[in-house]
Amino acid sequence: MMDYQGLLFDLDGVIVDTAKYHYLAWKALSDELGIPFTRQDNERLKGVSRMASFDIILELGRRTMDEAEKEANCQKKNDLYVSYIKRLTENDLLPGVRAFLADARAKGYKIALGSASKNSPLILDRLGIAGLFDAMVDGTKVSRAKPDPEVFLRGAEELCLPAGACVVFEDAAAGVEAAHNAGMKAVGIGSPEILSQADIVLPGFADVRADDVLARLG
Ligand code: B16
Ligand code: MG
């Protein structure tokens, strides 16, 4: 078995379901702009940066805006989103996540976050798990979106590990692709249909331990 030493975690959809709050905030903004926006449309925004998400919404409404206006609208959306995530508590952690991270840490694995969200520090803090991470790579540190491998390569670098010694946990197909582009194995969290490219797929972290998952990766 390969000697895996680093575990890299996506945030939204792996550690916590923030997609529902992103949806509520984008929905409020698009209602105000008179742009139809549904939960199904919101699926297209998962793992996509804030500005790229707004570009998709503008495209749905066949609208254009100058950069300053786009910035102002993204700021407005983020203010509302932050008001929601400020209310997150440890109870919002997805099942089994804390036990999985704590056990992995105790076994000596290095742990990093690899997320597109600029709000990652606030979210990990509210969930009470910031102290379980050795490194945090978020939307403030990377400029290229998944499937570009930048976010995970930077994670490996911050853990001082070679890419091949790291394993990525992702809920999005683009994230799995980013892991493979980085030369890393990918564990999909969610449905096997969406994550068909992942090396293995788990429904979640309930009763799952890192050693068992990595043994299955070979
Ligand atoms: P923010 P992930 C992503 O998180 C979300 O899935 C995506 O919907 C969001 O637009 C993006 O973060 C940026 O978030 O506006 O907070 O900077 O899946 O990469 O952890
Ligand atoms: Mg995600």
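Sequential numbering from 1, following the chain as shown.
Backbone N, Cα and C atoms are what each Cβ position is placed from, and that goes for glycine too.
Pulled from TrEMBL:
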- Asp10: active site, proton donor/acceptor (ACT_SITE)
- Asp12: active site, proton donor/acceptor (ACT_SITE)
- Asp10, Asp12, Glu170, Asp171: Mg(2+) binding site (BINDING)
- 10-12, Trp26, 45-50, Ser53, Lys77, 115-119, Lys146: substrate binding site (BINDING)
Take the C-alpha atoms of Glu170 (Mg(2+) binding site) and Ser115 (substrate binding site) and report the distance between them in angstrom, rounded.
10
Quick test of your reading of the structure: among the binding-site residues Trp26, Arg50, Ser115, Lys118, whose CB sits under 6 A from ligand 2?
none
Can you figure out which of Asp10, Asp12, Asp171 (the recorded positions) comes closest in space to Ser115 (substrate binding site), comparing Cα atoms?
Asp10
Could you tell me which of the binding-site residues Trp26, Arg50, Ser115, Lys118, Asp171 have their C-beta within a distance under 6 angstroms of some atom of ligand 1?
Arg50, Ser115, Lys118
Give me the Cα-Cα distance between Trp26 (substrate binding site) and Asp12 (active site, proton donor/acceptor), rounded to a whole Å.
16
Within 10 Å of Asp12 (active site, proton donor/acceptor) by C-alpha distance: pick out those among the binding-site residues Gly47, Arg50, Asp171, and say none if nothing qualifies.
Gly47, Asp171
For the binding-site residues listed here (Arg50, Lys118), which one has the lowest count of neighbouring CB atoms within 10 Å of its own CB?
Lys118
Using DSSP reduced to three states, classify Asp12 (active site, proton donor/acceptor) as helix, strand or coil.
strand
If you measure Asp171 (Mg(2+) binding site) to Asp10 (active site, proton donor/acceptor) at Cα, how many Å is it?
8
So if I measure Cβ to Cβ from Asp10 (active site, proton donor/acceptor) and keep only same-chain residues at least 6 apart in sequence, which ones fall under 8 Å?
Gly47, Gly114, Ser115, Val168, Phe169, Glu170, Asp171, Ala172, Gly175
Let me check the 10 A CB neighbour count of Ser115 (substrate binding site). How many other CB atoms are there?
28
